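Only one structure is covered here, and it is reproduced in the block below.
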Amino acid sequence: MALIALLLLPVIGGVIAFVVAGRHEAERWVTIATFALMLVVLVAIVVGAPDARWYARFDYPWVPSFGISINLAIDGLSAALVGIAAVLGIICVTASWQEIRSDSGLFHACLCWTVGATVGVFISFDLLIFAFFWEAMLIPSFTLIAIWGHGDKEGAALKFLIFNAVAGFGLLASAFALAALADHMTFNAFELAQMKFSTPVQVWMLLGFSLAFMVKLSVPPFHAWLPEAHTLAPTAGSILLAGVLLKTGAYGLFRFGPMLFPDGLTAVAPYGIALGAVGALYGGLVACGQNDAKRLVAYTSIAHMCIILMGISAGVHYALAGAAVEMIAHSFSASALFLLIGALYERTHSRDLRQLGGLQQYAPRFAAAFSLFCAALLALPGTANFAGEALVVVGLFQVTWIFALAALSTLVVSVIYATRLLKGLVFGEARLDAAVHDLTLREYGAVLVLAAGTLTVGLYPQSLIGLLEPAIRAALAPQLP
Amino acid sequence: MNAAQLAALSPIGALAIGAVAAMMLAPLARAELVRAAAALSLALAAGLVLLRAGASPAPIGTLYMDDGPARFGIVYASLSSLAALVFLRGGSAKEAPSLLVLAALGAATLAAAGHAATLFLGIEIISLSLIALFAFLLSRPGLEASYKFLVMSGLATAALLLGVALIYAETGALAFAGWSGHGALFALGTALLLAGLAFKFSLAPFHMWTPDAFEGAPAGAAALAGVVSKGAVAVAILRLNATAQLPEPLWSSGLAALGAASILVGNLLALRQPALPRMLGYSTIAHSGYIAVLLAAASPRADEAVLFYLAIYAPALIGALCASALLGKAPTLPDLHGLVRRRPLEAAALSLALLSLAGLPAAGGFIAKLYLFRVLVETGGWTLLGVVAAGSGLGFYYYARFFTAPFIGVGAVEADPLPLGDRALLMLCAALIVLFGVAPGLVIDIVTPALSLR
């Protein structure tokens with residue numbers, strides 16, 4: 001029942017936020033309270049866990065004649081991602097405190113619903129319920145971009161919607177094909193994992209699922225929606241996109257790839273690694289050429305998602321653990337960078353690396369935070385990203401050294417774009433006429449939370465890996481229940 | 001004719017008497033009374049069927065079937081017509097309610113038809129009342145829609161009749177059950193029959209009248225054309241599938257081909273439409289295509305899916321048309337901007353209806369899409385699945401433009417008081433859409449017994 005509460009809280013919170021909007025920032029506090037309550041429920045679930053593999057499970061038939069049931073389960077990986085979604089939700093509220101002035105009620109409702117739907121994705125183990133939430137998250141996030149974005153926001157939002165919705169059909173069709181091929185009509189992932197499908201079938205189904213996952217991960221050539229969506233979205237939208245929505249793709253591949261298609265994944269693994277390597281290099285190199293700071297970070301997301309793809313495809317313990325850690329690490333670092341760039345844009349109305357610079361003179365807190373997350377972006381030791389990327393590279397070395405070399409070369413590229421970002425904004429000569437306000441306490445608090453996450457995982461990775469270990473083991477040995 | 005058969009026939013009687021009563025009241029009584037009489041007969045017809053929900057079928061020869069699909073079709077036609085009556089207005093004449101009941105009568109007859117005579121009768125009654133209803137406002141676009149429909153309907157009827165005649169020449173039977181054979185005449189007759197039905201179903205390339213009708217005719221009449229007559233034709237094709245042995249693969253692959261063409265044509269033409277009713281017109285062509293694809297599959301699961309699709313489709317299209325009617329003549333995208341601030345209720349209901357038509361989750365349309373996917377996967381229709389996916393992808397584009405429009409920007413300030421009936425209808429449609437989306441099991445439980453009588 002706690003899992004149902006986790007799903008219902010944001011839905012109800014969103015409705016309340018919409019209704020009470022307009023008086024004394026009520027909608028903001030309602031939204032914060034909603035996410036805080038979700039965190040409380042989550043902690044209660046994890047602390048009161050009966051066994052090690054699953055903290056909580058829930059099963060209720062939804063459409064029995066279809067074999068669809070509301071089948072929810074939560075383990076360490078799901079819990080970590082749900083927790084990050086809720087924390088980022090709160091951070092989104094603080095990040096949009098000044099930015100969002102029109103239709104604030106609907107904005108916060110969409111925030112709640114986006115997080116609610118992604119939470120659904122992270123805990124669903126019925127493929128159709130999974131697909132349900134997969135498509136459900138598109139509408140509120142589409143609305144976030146389409147209404148509160150900048151520039152050609154409607155075009156960017158439509159691109160986002162169409163890419164992801166069409167890819168969702170691959171997921172739906174494969175889910176149906178899988179259920180139709182099964183011994184009996186079922187979408188229950190646990191039951192489907194027990195059934196043996198031939199390798200060609202697995203490959204085809206995996207490709208169908210992967211279409212959705214790759215588009216959400218924004219692996220080139222499926223990435224065309226991402227730069228615009230990230231750049232033109234409001235700050236909160238960018239944070240959610242990078243911190244939560246991209247992770248649904250990584251999560252889906254990590255969870256259901258080895259679980260449902262072990263042989264298929266092995267068969268396509270080299271292609272997956274190769275695609276990831278090419279994509280990571282491409283994303284990194286394009287990022288180096290960007291002058292818009294937000295766009296630059298958007299392209300680095302592509303590179304990092306591709307590293308996750310390589311890790312999952314490699315399928316060895318180190319690589320899988322690295323991919324899982326990188327999911328969380330990237331949520332911290334990319335969200336923080338979007339938050340900081342958003343705060344900067346509020347003050348200067350510019351994100352252009354050629355126009356800004358020398359911010360350490362006016363805004364030391366901003367400069368310190370920005371430097372830390374740039375260090376995370378290039379995966380310096382001590383940051384969570386280092387833990388993730390290093391593990392992936394080590395895992396890749398175990399498979400083939402060529403691919404490991406490719407992954408390493410992307411790390412070199414990351415040095416270029418991270419220093420370029422740092423030099424363009426924080427250091428160098430000041431090119432602005434007026435001084436820039438430093439971060440407000442609200443913004444600083446949000447950044448500190450993310451910094452704490454990055455450093456804790458970076459300095460003591462075992463704190464996170466211990467939580468993720470059961471899910472990693474399950475992905476390693478999918479036959480085990 | 002025994003008592004059971006009389007009872008089975010009673011909904012038709014209620015509709016017929018209602019149509020005549022409304023017509024006779026029109027010159028004498030006030031408009032409200034005429035509407036009340038029409039509404040009463042529609043509610044009565046639906047009620048009479050529902051009262052006999054568990055009764056065993058009492059068909060009257062092959063002319064009038066009383067099986068599950070027929071009962072579903074009559075209830076569907078009556079309730080949808082009742083909903084259309086709520087927002088059917090405008091024009092000075094008071095005959096509109098009578099015509100509307102007549103259309104429901106035609107749809108009911110068509111849904112119960114097991115014989116070429118009742119099939120033809122049903123189709124013609126619907127067509128004739130639609131011709132009059134389209135022109136009801138006496139506006140130029142309405143007259144154009146009506147004229148176009150009149151000419152094309154004449155052609156379609158001729159094709160249908162010729163088709164039936166050819167089938168009769170070959171098989172010597174007019175009842176669906178007697179239609180079987182292999183001759184060339186039979187095949188030609190089937191093709192003509194299909195063309196005639198496709199016209200009423202607004203399947204491409206027989207769809208030309210639809211967007212004009214949605215744009216020019218009163219929204220209530222558009223709802224009749226888009227929901228009531230479509231549902232009746234779908235039930236008629238279901239019965240043809242089940243009882244007649246029409247030449248294969250001509251019949252089912254013809255249906256599938258027309259369906260695929262409609263999905264592509266409807267969605268492509270809807271892409272750039274700025275006016276809401278016209279967009280709905282094109283989208284209804286696409287939805288006809290989805291239903292036709294299901295009809296072509298002709299498996300028990302597909303039959304169930306057809307009825308489910310119809311049940312989901314009605315509140316979505318009726319809700320969208322009702323909201324559109326409240327906004328005045330043919331609202332365009334800019335008219336919708338900022339609607340949520342002026343009229344939160346219509347804006348929310350309209351967006352929800354469009355979400356359902358787009359097939360996104362939490363709205364009933366998602367479940368209808370699931371059904372469609374399931375049938376296509378089970379029957380191995382991978383090409384059709386591709387077409388459906390492409391169509392739905394295109395659909396996201398144009399529906400998204402419309403369902404977000406009410407939340408964007410600020411429009412002109414206007415605050416007409418809402419008619420109570422329309423408000424209730426909108427709420428009902430919205431509630432049904434959410435109910436179907438969140439608890440589809442309920443609807444499946446209603447739909448499945450409708451098929452068990454077959």
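For all residues, glycine too, the Cβ spot is worked out from N, Cα and C.
TrEMBL does not curate its annotations; it predicts them automatically.
Listed in TrEMBL:
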- B:114-392: domain 'NADH:quinone oxidoreductase/Mrp antiporter transmembrane' (DOMAIN)
- B:6-26: transmembrane segment (TRANSMEM)
- B:33-51: transmembrane segment (TRANSMEM)
- B:96-113: transmembrane segment (TRANSMEM)
- B:149-169: transmembrane segment (TRANSMEM)
- B:181-199: transmembrane segment (TRANSMEM)
- B:219-238: transmembrane segment (TRANSMEM)
- B:250-271: transmembrane segment (TRANSMEM)
- B:280-300: transmembrane segment (TRANSMEM)
- B:306-327: transmembrane segment (TRANSMEM)
- B:347-368: transmembrane segment (TRANSMEM)
- B:380-400: transmembrane segment (TRANSMEM)
- B:424-444: transmembrane segment (TRANSMEM)
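A contact links the transmembrane segment (B:380-400) to the transmembrane segment (B:280-300), because at least 3 Cβ pairs that are 6 or more residues apart lie under 8 A. Through the fold, the transmembrane segment (B:33-51) approaches residues 7, 10-12, 14-15, 17-19, 21-22, 25-26, 71, 74-75, 78-79, 81-82, 85, 94, 97-98, 100-101, 104, 108 of its own chain, all at least 6 residues removed from its boundaries and within a Cβ separation under 8 Å. In this chain, the transmembrane segment (B:250-271) lies close to the transmembrane segment (B:181-199): three or more C-beta pairs between them fall below 8 angstroms, excluding pairs fewer than 6 positions apart.
Just going by CB pairs under 8 A, the stretch in B:181-199, B:219-238, B:280-300 that sits most against the transmembrane segment (B:347-368) is B:280-300.
Using a Cβ-Cβ cut-off under 8 Å and counting only residues 6 or more beyond its ends in the same chain, the transmembrane segment (B:306-327) has close neighbours at 69, 72, 76, 79-80, 83-84, 86-87, 89, 218-220, 222-223, 226-227, 230-231, 234, 238, 276-277, 280, 284, 287, 290-291, 294-295, 335-336, 339, 343, 346, 349-350, 352-354, 356-357, 363-365, 367-368, 371-372, 418-419, 422, 425-426, 428-430, 432-433, 436, 443-444, 446-447, 450-451. Taking every listed stretch (B:96-113, B:181-199, B:280-300, B:424-444) in turn, the largest tally of C-beta pairs under 8 A with the transmembrane segment (B:219-238) is reached by B:96-113. The list of residues near the transmembrane segment (B:280-300) in space but at least 6 beyond its ends in sequence, with Cβ under 8 angstroms from a Cβ of it, reads 198, 201-204, 207, 210-215, 222, 226, 230, 234, 237-238, 241, 252-253, 255-256, 258-267, 269-270, 273, 306, 309-310, 313, 317, 320-321, 324, 357, 368, 371-372, 375-376, 378-379, 381, 384, 387-388, 391, 395, 398-399, 451.
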